[in-house]
Amino acid sequence: MQLTSFTDYGLRALIYMASLPEGKMTSITEVTQVYGVSRNHMVKIINQLSHMGFVEAIRGKNGGIRLGKPAADIIVGEVVRALEPLSLVNCSAEFCHITPACRLKLVLNQAIEQFLKELDRHTLAELVENNSPLYKLLLEDV
């Protein structure tokens, strides 16, 4: 299983914001420069993260983006569920004639649940706290 770039960059954006001093604002432009991703793509990601409460977006001259809640309260599994379409196969009778008797979907769903269960054990704070190499890579030019 591979996460979509949408989820990948969503997690990266959250990691970047969590690496900043608590409450510090950043901008979508700054995040896109750090990761070298399209601004349009990042705008869509930040909008989704904001809609889900993971990011707070403030408009205006002194506006910007920052975490919508403490990094310790952001569960990695919740972020992945919010951003990632988690269907591994297209199991509708329209696309596959064995759908009525197939057990593969059950097995794959169990695998996804175990994957998410593991991600639920980790917070955004765990990914960034006391991580000097990460701070250096992300924040040296900020």
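First residue shown is number 1, and so on along the chain.
Heads up, the Cβ atoms here are built off N, Cα and C, so glycines get one too.
Note that the coordinates shown come from a computational prediction; the quantities given were computed from them, not determined experimentally.
Listed in Swiss-Prot for this protein:
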type	residues	note
DOMAIN	2-129	domain 'HTH rrf2-type'
DNA_BIND	28-51	DNA-binding region
BINDING	Cys91, Cys96, Cys102	[2Fe-2S] cluster binding site
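Tertiary proximity for the DNA-binding region (28-51) is limited to same-chain residues at least six positions away from its ends with a CB under 8 Å from its CB atoms, namely 5-6, 9-10, 12-14, 16-17, 57, 65, 68, 79, 82-83, 138, 142.
All chains included, 13 other C-beta atoms sit within 10 angstroms of the C-beta of Cys102 ([2Fe-2S] cluster binding site). According to DSSP, Cys96 ([2Fe-2S] cluster binding site) sits in a coil region rather than a helix or strand. Across the range of the domain 'HTH rrf2-type' (2-129), the DSSP-based residue counts are 71 helix, 11 strand, 46 coil.
For Cys96 ([2Fe-2S] cluster binding site), the number of other Cβ atoms no farther than 10 Å from its own Cβ, over all displayed protein chains, is 14. Per-residue pLDDT, averaged over the DNA-binding region (28-51), rounds to 95.
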